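Residues or ranges marked as transmembrane segment in TrEMBL: 12-30, 50-70, 82-106, 196-222. Taken from TrEMBL, the feature disulfide bond applies to CYS149-CYS184, CYS150-CYS167.
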Amino acid sequence: MNRSCVNCLKSLVLSLNFLCWLCGAFVVAFGEFQMIHSKFASLITSFWPIYPANTLVVTGTIVTCVCYLGMLGGMKENRCMLISFFVLLFVLMLVELAMACVFLVYSRKIDAYFEEDLMRSLDIYRLSSSENNTDIKKDFDTVHFLFRCCGVHGEADWKGDIPISCCTEDPCNTLNPANWPEGCLVKLRDWFASNYVSTGAGVVTLFIIQFICLSITVPLFCHISRSGLGYK
């Protein structure tokens, strides 16, 4: 392989790893934005590791670090860095595939945890005084307002202590105000599902870029090895 081909391959490796690094940084920023502006984090606690924002931050951080290692290895033509990059990226891709399989296999269990968490949060809201558990109360009121629903399965879940956020229209301070007839379980679960779709699309895009980076790094590493360059 002549030097011009090597330089072209090296430039391609650097460009793809820089693109991968940028994607990882963007994923981290987007995950942080979701965590800061999330309205429902206090209501769902059983499966917080697969909460979309957490998934984005963790995945993006790892991808950013690994792709930076690949950029350095390509610039310095360093076998140690390139082989470390190759192994780490390969492991990361396996983890991403494993996470996708977990989502598919345990989707029904996740739905069950989702319902249990909402019912637990509703009971805490119903039994707490006005000064306690304000985050849960604020998040549940936000869910009622945004999704135009009441309770988990319906207003009967509140057992007579229906919050004013369930009211459909003024006046809400009457003895029997009109409340939203639908529960929030299905609507909130659909909202989370749409977030997982966008998260999954981002992870698939990253996976494709990672696979291309992996494929291009191999011939560069082989050339460096044949050229007798050491672990500089």
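For all residues, glycine too, the Cβ spot is worked out from N, Cα and C.
Same-chain residues lying 6+ beyond the ends of the transmembrane segment (82-106) with a Cβ under 8 Å from its Cβ atoms: 50, 55, 59, 62-63, 66-67, 69-70, 73-74, 196, 200, 203, 206-207, 210-211, 213-214, 217-218, 220-221, 224.
Long-range Cβ neighbours of CYS149 (disulfide bond) (same chain, at least 6 residues apart, Cβ-Cβ under 8 Å): VAL143, TRP180, GLU182, GLY183, CYS184, LYS187, LEU188.
Long-range neighbours of CYS167 (disulfide bond) (same chain, six or more residues apart, CB within less than 8 Å of its CB): PRO177, ALA178, ASN179. Counting every protein chain shown, 27 other Cβ atoms lie within 10 Å of the Cβ of CYS184 (disulfide bond). Just so you know, the Cβ of CYS150 (disulfide bond) picks up 25 other Cβ atoms within 10 Å once every protein chain is counted.
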